[in-house]
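Input: a single structure, listed below in structure tokens.
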Amino acid sequence: MKVLIKAALAAGLALSAAPSFAQDAVRIGALYPFSGGLALLGDESFRGLELAIEERNAAGGLNGRKIEMVRGDAVDPNQAVGEARRLTSVDKVSVIFGTYSSSLSLAATQVAELAGVPYFELGAISDPITERGFKNVYRTNPTARIFANRMVDAVAEAVAPALGTDAKSLKVAIIHEDSLYGQTVAGYQQARAKEVGLNLVETLPYSAKSVDLTPVILRLKSAGADVVLQTSYQNDTVLFFRQMKEQGFKPKAVMGAGGGYSLRDTMQAVGPENMEGALNVDFTQYRTNPKAAPGIEEFVKKYEAKYGTAPRSGHSLANYMGAKVLLDAMAAAKDLTAPAIREAVMAVDVTEGTTATGWGAKFNEAGQNERATPFLMQWQGGELVTVFPADAAVAEIKTGIGAE
Amino acid sequence: MDVLVQLILNGIMLGSMYAIISVGLTLIFGIVRVVNFAHGEFLMVGMYAVYLLSLHLGLHPYVSAVPMVLMLFAVGALVQRFIIQPLLGADEHIQIFATVGLSTALINLALLVFGADLYSVQAPGVRQPLSIGGYTVLHAQVVMLASALVLVAGLHLFMQRTPLGRAIRATAQNRNAAQLMGVRVDRIYVIAFGLGAACVGLASALISPLFPVTPTIGTYFVLTAFVVVVLGGMRSMYGAFLGAMIIGIVDSLSGYYIAPDLKEVVYFAIFILILIFKPTGLFGFGRGTE
């Protein structure tokens, strides 16, 4: 009985203490997968947001008000919906930041839209997130279509000049794993290749669970493909590089769409000498010229000071940049209601090359940032270095695959 | 023409990989009459063990074949003794659930211990292409084919020439009659399950240099292995071997001539046609086998 009374008293105290604490603080939701299979990169994404908010609080918060984060753990789309409901109705956050994974974002944004709470997407790439006519969903990072366009454009703007030929004379092939990710990116690539008039000789889907990609490679070989664009996970990337070497297929360039291409493990499994020269389009990574991405070095320092390791991927940086842009917008808004925030976000105008990712920020009516373009990177000597565009590059683009 | 020969060569090499896995699955199904859904996960366990042996003791994957065969034999025998045996009298579905459960448990255990990253075994020289008249095969693939042939021949001799082999065949043909003749059926089951798993042990050592290991690597192989087993007539080792070769070649040819993402469609279509027109499988022994 005594215990019960104590508990009740404690609860009462907590309740009475809560409003006075929240009065001057701005509450924001942080919705990421913190546990389960996506947890590693979900947490990595969250760290970028956390650093941006700490920085903001240290500089006096949002117009003098402290920012307080409420975490939501979205393991799968169902839980993303549940946690988004909790954040909007129980915790009454002003805005939600998230989400790393597209399927989680697609689910959670629906809840936020219905509740009229602005949703800031900092990392998920699926295009439909900002194509459903929602009024309160904004995204700072590039989408799958922008990835695909960058890959196709890079063939003309970076690969062909490096080879000293005309892009139209290159035979381009698209290969991709056949789940939603690969299908989406490859679809946009095909459209863009047609638009810019590239000579597309093959489009080959395959299962990411294939144990043998030799048929794919022999098809590419018979078609005489010069440039291969691949959208893939990890296992199939490893298999492709190994079997390409075994079958003696040496295209002039191979380019990945992030995914398996960005991971150090992939490079190690394939071997740095075999991965040499592989091109990759992804969120900004750390071997990027700081002149084109001012603040990138400071970000790494802050990150290391707080978490004791180097950043595990570019996700934290992308989230950091997005959070900073949107916190500035919130500070500029006349209040924190959804219409006022929309007005402020629409007024954002950040030129390219002035943020830590090198991206700019200008939102269209749908809420998508139109100034976010991923860079072209290349594996050189076991490191993933930015090679294009020139002002972001730290190394010259090389041609060919595999060390000579 | 060149491409065709290369594709067929490649299909045979792929087939020999499926053969080693499928022969094990056939042994378990043909003798113990249990559909082992954890077969692919046995492979995964074996591949992690090969990786650890290579990392810590510097063992070449081929050298680890010996400990792997022994280890997987023990794993198989223990699974039969402590999981399947208590359920032998139970409904077939219960046994299936037991092996499915085991499979899920093993995948998640691997996720817990090793994480989702992939690990690659270093095996110098094994991945070197070998050029035969302009066609490419890997050393590892030649070893795989030779091992598959030796395995089937060895099992054939064992089944035909040894008393234990005869007892196993008797048990497979008629469990009750074998029991009446003094065969200790329970022990035979433990040995048969162990043998089936030991085949996967061999496979794990041979496959490790070719594929990096992840918690779900077993699922890449096992569905095809099931097709092979049914195609081969469920209980026939030789059927499984030939079935594996057919699937390997069909896989390779359809991936090139039709489309890489449609190769499963092609061999599952063949599979369905065979089930319709020859339900006992290509090399089944007719209705008398059941």
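Cβ atoms are placed via backbone N, Cα and C, with glycine included.
Feature list (source: TrEMBL):
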- B:12-35: transmembrane segment (TRANSMEM)
- B:65-84: transmembrane segment (TRANSMEM)
- B:96-116: transmembrane segment (TRANSMEM)
- B:136-159: transmembrane segment (TRANSMEM)
- B:188-211: transmembrane segment (TRANSMEM)
- B:217-234: transmembrane segment (TRANSMEM)
- B:241-259: transmembrane segment (TRANSMEM)
- B:265-285: transmembrane segment (TRANSMEM)
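Between the transmembrane segment (B:136-159) and the transmembrane segment (B:12-35), the number of CB pairs under 8 angstroms, six or more residues apart, is three or more, so the stretches are in contact. Contact count against the transmembrane segment (B:188-211) (Cβ pairs under 8 Å) is highest for B:65-84, out of B:12-35, B:65-84, B:96-116, B:241-259, B:265-285. Simply put, out of B:12-35, B:65-84, B:96-116, B:12-35 has the most Cβ pairs sitting under 8 Å from the transmembrane segment (B:241-259).
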